[in-house]
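The structure appears right after this line, and notes come after that.
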Amino acid sequence: MSTDTGAGTKSDASESTASSINLESVRAVAKKDFQDAVRSWVFWGLSAFFFLLIVGITGSLAYFGEDIAAEGATTAMLVFFASETTRLVIPLIALVLGWKSIAGERESGSIKILLSLPHSRKDVLLGKLLGRSAVLSLSLIVGFVAAAAVVAALLGGFDVVDYAALLLMAMIYGVAYTSIAVSLSSLTKSTTVAGAAMFSVFLLFYGVWNGILEALQQLMNRGTIDGVSYTAELTAPDGTTEEITQERLPDWALFVDMIDPGNAFQNTITVLSSTGGDELGTAYPEYYFADDVPFYLENWFSFIILLIWIVVPIAVALYRFDRVDL
Amino acid sequence: MPAITVDSLTKSYGQELALEELSFEVEDGEVFGFLGPNGAGKSTTINLLLDFIRPTSGRIEVLGLDAQAHSRDIRSRTGVLPEGVETYERLTARQHLEFAIDSKGADDDPEALLERVDLADAIDKKAGGYSKGMAQRLMLAMALVGEPDLLILDEPSTGLDPNGAREMREIVREENERGATVFFSSHIMEQVEAVCDRVGILRDGEMVAVDTVEGLRESAGSGTTLRVTVDRIDDAAMQAVRSLADVTEARLEGGDPPVITAQVDGSKTAVLGELEDRDIEIQDFSTREASLEDVFQSYTTGETGVEAR
């Protein structure tokens, strides 16, 4: 042994592991990450994809939807169809974009390049979230803006508010799934495990979530959980009205349905645009509720839900990523 | 103030001990060679210095700061060449360096840095197409960004040809003259002996020797190995050679023609003279200084002594 200095002391580093956040570092990491993605075909591919998506839907509407056009609801219809499609497509894109964001760098060791520089682990996570979100958001903007002219030409009219609402919410929806993806990617060193996690999230919100609702419905029918009875007034074609009393799932079960980011995405669009709430998302009819609608089942609450989907995953990742061996 | 203080550092993965009660210091302004065979714990130690992993117990200070609590401050004053790391294949050398310069708030010129590592012609090529040696040069250039007070180079010669390794050592010297402390890990003695003021030899997670290069050379038993090829040999002659004052050990390697190897401390001619006096014809002879490589080998493979190879 060489120069021993004092007796061996137990590490007092137990809880001093939390790193700080430096906005300059976050920006530098995000910029690098964005360049890294933009240089590849991904960014332009995505932009072209969104462009074609909007143009395709608009073209179909213009071709098949003359009746709709006559009613002057074309942008609303476009928003309807486009939100149905983006609801399914954006999670896929975000999960694929975020999949390797951290796990890939840990697997290849290049995370040591990032962390040899004066960035904290939190800076790296936030920078990655920002960089990947920017790839998705900017490609949405490029695609949507480029498609706007075609939309205006084909539909003969163009509601900027509806269109912008769809674009804005698609971006926020994308950030939520990017947060989920980057966070999951930070939990493992293996891109294979990270890939499995992405696939699980996909399954969860494309299948399992609906299954949960189905199961709750069954449980209610069997009397295991108490439903809520409500009275609705139906108007028959001959003009007579009839009151019927039925059971619906309790508020908390309806809330479970609201949590699905896809439903939250579409609910927020109904708030911002003229596209009807009865076609999109979860929007519950007023007669469900004897008194006021609970605030957490109102459509505006879906903004909070999306926000939570952005904040909670990354917050968990920020906490945990500080504490692992790379 | 030492540049690096490692005190009773232990790192275990479950049952497996990667480092055990490791203690050493790197003085401010020196070039310290951190030597050990693969798997001895060199990278673990470096990962701990940079807070990539956390110690099981023990204390680490770098540039006078706690390695965990002040990791960002440490890394802002440190240039690192990590080992076994892939570069960002879609970014060019210029972009890599701009990222490092940006991250450190430095104002270096990417082109000048790449000229120092002899990579200036590839400045706008994407790193995905680089050879291992080119990637290593790029990472060395990144480590130099911002005139760091401390350079931590983990196996910097990996992938470099002998000429590249020489250039790398030249840069280490320049940086040291500028005032930087250099912590340089390697599993090859030859690469550290030329530039290092002191060398620490790590074996199975423990420091088995820390000394200056000269000190290590002395501890090797400063002898010379003499190999003599003769036309014939007999026991009496061997005995006579062994009993010479300057010879510590002599062995007959047999063969045809036979070869004698002798560890000689002083005059080599005494051995040759003794053989000639006995009318044994010397067909050939060579001498070899005990190299640091021998010292390294003895510390890291054998139980004791230089002969264990």
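Please read every residue number as a count from 1 along the shown chain.
In case you wondered, yes, glycine gets a Cβ from its N, Cα and C as well.
Remember, predicted model here, so these are calculated numbers, not experimental data.
Per TrEMBL, transmembrane segment is recorded for A:41-64 (among others).
Only residues 6 or more beyond the boundaries of the transmembrane segment (A:76-99), in the same chain, are considered here, and those with a CB under 8 A from a CB of the stretch are 37, 42, 46, 53-54, 57-58, 60-61, 65, 68, 128, 132, 135-136, 151, 155, 159, 162-163, 165-166, 169-170, 173-174, 177-178, 180-182, 184-185, 191, 194-195, 198, 201-202, 205-206, 261-262, 265-266, 269, 273-276, 279-280. Annotated transmembrane segment per TrEMBL: A:76-99 (among others), in sequence order.
For the transmembrane segment (A:135-157), the list of distant contacts is 34, 37-38, 42-44, 46-55, 58-59, 61-62, 69, 72, 74-75, 78, 90, 93-94, 97, 163, 166-167, 170-171, 174-175, 178: same-chain residues at least six beyond its ends, Cβ to Cβ under 8 Å. Taken from TrEMBL, the feature transmembrane segment covers A:135-157 (among others).
Taking Cβ pairs closer than 8 Å, the transmembrane segment (A:163-184) reaches residues 75, 78-79, 82-83, 86-87, 90-91, 93-95, 97-99, 101-102, 125, 128-129, 132-133, 136-137, 140-141, 144, 148, 151, 194, 197-198, 201, 261-262, 264-265, 268-269, 272-273, 306, 309-311, 313-314, 316-317 in its own chain, all 6 or more past its ends. Per TrEMBL, transmembrane segment is recorded for A:163-184 (among others).
Here the transmembrane segment (A:191-209) has Cβ contacts under 8 Å with residues 88, 91-92, 95-96, 98-100, 102-104, 107, 180-181, 184-185, 257, 260-262 of the same chain, all six or more residues outside its ends. Here TrEMBL flags A:191-209 (among others) as transmembrane segment.
Residues 102, 121-122, 124-126, 129, 172-173, 175-177, 179-180, 182-184, 186-187, 258-259, 261, 263-265, 267-268, 271, 281 of the same chain, all 6+ positions outside the transmembrane segment (A:300-321), place their C-beta atoms under 8 angstroms from a C-beta of that stretch. Positions annotated as transmembrane segment by TrEMBL: A:300-321 (among others).
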Same-chain residues near the transmembrane segment (A:41-64), Cβ under 8 Å, at least 6 residues beyond its ends
74, 77-78, 81-82, 85-86, 89, 93, 97, 135-136, 138-140, 142-144, 146-147, 150-151, 154-155
